[in-house]
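Comments concern the structure below.
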């Protein structure tokens, strides 16, 4: 039993010893933990320079500052978002359009320069500003429904005058001719001793392009010009813009018009060109072959047109009696009638007078014939000339004129030198270097003054040599490309060359007008051309007009510029 008691006592002692060391271990661990925390806190405070509780007052201020910075950053991000939207939605499409225009401009320029290099022209072709690409020689207003006369010209706009004026009282500048395609070409005649002198004159010829000023204004920039002051008396010149420069057709005159019609040989003619390098060259045409049936032959004064690698000029003059060309027209005539104003004369009498209208007494009874001359455009001037004589069952008595191309359509304007006063535009088709004319568009309110019995209101066939050159420019088209209306500047008087007004015309009536000056201001020839600034979608028309200028010369040639507006109430 004592042994058992001893065994129990020994186990109790061992248990107490274990508990004592366990307590010591726990206390030691606790002390080490507290020391570790204290050391760590001291180290952290030292490394971060921890603030005292009194410093916590500045924390709200710091938070407020941080909030301000975050708000500012968010505002900056909104600005960036706004700029991105503006760039994507607004600026990028405009930049893309401008890039497209520049590329098209470059392609056009490169095309002409390649052509010039191939033809040894020695100079690249200038081109219009990109703003005009797609706006020259195109159908500018395509509208099936609006009243044509709801389109009307603005007041005349100030722009750079690219036409030289007389500098003395006896100086005379007359007979302007203008054409525009890849460039624009202009020419007029210069006489030092009054407008009626036929013995000697100069010919001014210029080449240029359309520009847009920094403020958005349209202006015509002259890049090359020459004054042909030599022994050659060039008259009745027509000009055309071609891929090689400004091509010009002139007659060389040594006598009056009446004397020329009474002669037996054709009038000398010359084909010239002002190149992009500023050099002018010309070549005499073989008129004895080309105009063998003619006694007098002149360019139509109005511009020509570049079509199918050829330049097409209007021509008119007198046929040699009994020549093949003359006999081929014998008995042929056409009668055009005024709108809602029928001639009261007997039909047989009208036919007799219509036939006689082709042989006016002023030119000795010679048949005055309309024609069109085409010349191949190459470095060789006067190459492959082809003369087309349209039948007088389509055309009236031969007169000054103009060949125009608008879109894919070609037209011949014929001055109303005969009995028919309203402006005429013959649709023209070309094939195998020759032209075919078709029944004309007529514009009843677009008249010209004339001597009785062929005054502005005339309605019956008669034999006359009268009128004035005032060409219409095709402006408003149907969607099927047929012509609806034209722009032009006319002399609004029965008999006198007075009262210059601009308007848009349909086949019957005209729009509101823009008057050049007072109704008593003298004027003469006008030639008009329209174009569009594609960037702004604004349509402009240029009328080059001879206007009386009593201080310096009898006439001053003035380029009148208008914008075409729309009256939405019509």
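Cβ atoms are placed via backbone N, Cα and C, with glycine included.
Here is what Swiss-Prot says about this protein:
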type     : residues : note
CARBOHYD : 119      : N-linked glycosylation site
CARBOHYD : 340      : N-linked glycosylation site
CARBOHYD : 432      : N-linked glycosylation site
CARBOHYD : 480      : N-linked glycosylation site
CARBOHYD : 507      : N-linked glycosylation site
CARBOHYD : 537      : N-linked glycosylation site
REGION   : 124-152  : region 'Important for interaction with fusion/F protein'
REGION   : 233-238  : region 'Involved in neuraminidase activity'
TOPO_DOM : 1-26     : topological domain 'Intravirion'
TOPO_DOM : 49-570   : topological domain 'Virion surface'
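Here residue 340 (N-linked glycosylation site) is positioned 12 angstrom away from residue 507 (N-linked glycosylation site), judged by their C-alpha atoms. Long-range neighbours of the region 'Involved in neuraminidase activity' (233-238) within the same chain, counting only residues 6 or more positions beyond its ends whose Cβ lies under 8 Å from a Cβ of the stretch, are 175, 177, 187, 189, 198-201, 203, 248-254, 270, 298-304, 313-314, 400, 402. With helix defined as DSSP H, G or I and strand as E or B, the region 'Important for interaction with fusion/F protein' (124-152) counts 6 helix, 5 strand, 18 coil.
In terms of DSSP helix, strand and coil, the region 'Involved in neuraminidase activity' (233-238) has 0 helix, 5 strand, 1 coil. When the C-alpha distances from residue 432 (N-linked glycosylation site) to the glycosylation sites 340, 480, 537 are tabulated, the minimum falls on 480. Non-local contacts of residue 480 (N-linked glycosylation site) by the CB criterion (under 8 A, 6+ apart in sequence, same chain) are absent. Residue 537 (N-linked glycosylation site) and residue 340 (N-linked glycosylation site) are 37 Å apart (CA-CA, integer value).
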